[in-house]
C-alpha cells in the first residue's frame with residue numbers, strides 16, 4: 001500500500017498505566033525505587049566482578065554482561081515513563097517510537113542468547129568438570145557475548161524493517177507506557193494480518209527455541225547433579241535454582257506475549273511493567289542474594305572502601 005509522508009503521523013500518544021492522579025503518584029514512587037535499585041544493583045555486580053580476582057571466571061564474566069544488558073533495558077523506556085507520570089498529554093515522536101521498538105527487541109534478544117550461554121557454562125562445569133578450563137576459555141566467552149548481541153540486533157532489525165514502512169495515517173494512541181510492537185502495528189492504515197503472523201513467527205521462534213534449549217540443558221544438569229552425589233550437590237543446586245528462577249521469570253511473560261500478542265487483556269499492562277521495569281532487578285537480587293562468592297566479594301569491596309576512607313580521615317586529621 002503506497003503512502004506519502006503527508007499521510008504519516010509524526011507522533012504517538014501513550015495512554016500510560018492509569019488516568020488516576022493518585023495511582024500515577026503511587027506508581028511513580030514504586031517504579032522510581034525499582035528503577036534506581038535495578039540500575040545501581042547491576043552496576044554493583046559489574047564493579048564487584050571486575051574488581052575481585054576470585055570472580056575472574058566465565059560464569060561471572062557472562063553474569064556481568066547480563067548486568068550490562070539489564071542496565072540498558074532499564075533505561076530504554078522507564079525514565080520516560082517516570083517523567084510521563086507528571087505529564088497530562090504523553091507523546092512520543094515517530095522516530096522515538098521506532099527507537100524504543102528497536103532497543104527493546106535488541107536487549108531482549110541479546111539477553112535470551114546470553115541466558116543460553118550461561119546454561120552452557122553450567123552444563124560444562126557440572127557435566128564435564130575436567131574439561132571446563134579448556135572449553136570455557138575467555139575467547140569463547142567473548143564469542144558468546146558477540147553472538148548474543150548480533151542475534152538481538154538482527155532480531156530487532158527484522159522487526160523494524162517492516163514496521164518503519166507501514167502507513168500510519170490516522171489513529172495514533174498506544175495503550176501502554178511505551179511503544180509496544182503489536183500495539184503499534186495495529187495502528188497501521190492497512191490489513192496487518194500478515195505482519196502480525198510475521199511478528200509472531202519471528203519472536204516466537206527465538207523465544208521458544210531459547211527456552212527449550214534452556215529447559216533441556218538444566219534438565220540434563222539436574223539429573224547429573226542428583227546422580228553424582230546424594231550429599232554434596234547443595235551448592236550446585238543452589239546456583240542452578242538461581243539460574244532456573246531467572247529463566248522462568250524472564251521467559252514466562254515473554255512467551256505469553258508471543259503466544260497471544262494481539263489480544264489485549266487487563267493483565268497485559270501489568271506483565272509489560274513487570275517485563276520492562278522489574279526484570280532487570282532479577283539479576284542482582286537472585287544471583288547476588290543466593291551466591292556466596294558474590295556476597296563475599298561484596299563484603300571485601302565494602303571493607304576496602306571503608307579502610308580507604310578511614311586512612312584519608314586519619315591523614316587529614318594529622
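Glycine is no exception: its Cβ is also placed from the backbone N, Cα and C atoms.
As annotated in TrEMBL, transmembrane segment covers the listed stretch 271-289 rather than the other ranges in 271-289, 290-308.
Feature annotation (TrEMBL): of 1-24, 25-48, the stretch labelled transmembrane segment is 25-48. Looking at 98-120, 167-189, the stretch flagged in TrEMBL as transmembrane segment turns out to be 98-120.
Taking every listed stretch (25-48, 140-162, 205-225) in turn, the largest tally of C-beta pairs under 8 A with the transmembrane segment (271-289) is reached by 25-48. Fewer than three CB pairs closer than 8 A are found between the transmembrane segment (237-259) and the transmembrane segment (140-162), and contact between the two stretches is not assigned (pairs 6 or more residues apart). Same-chain residues lying 6+ beyond the ends of the transmembrane segment (98-120) with a Cβ under 8 Å from its Cβ atoms: 59, 62-63, 65-66, 69-70, 72-73, 76-77, 92, 141, 144-145, 147-149, 151-157, 159-160, 163-164, 178-179, 181, 184, 203, 206-207, 210, 213-214, 217-218, 221, 243, 246-247, 250-251, 254, 276.
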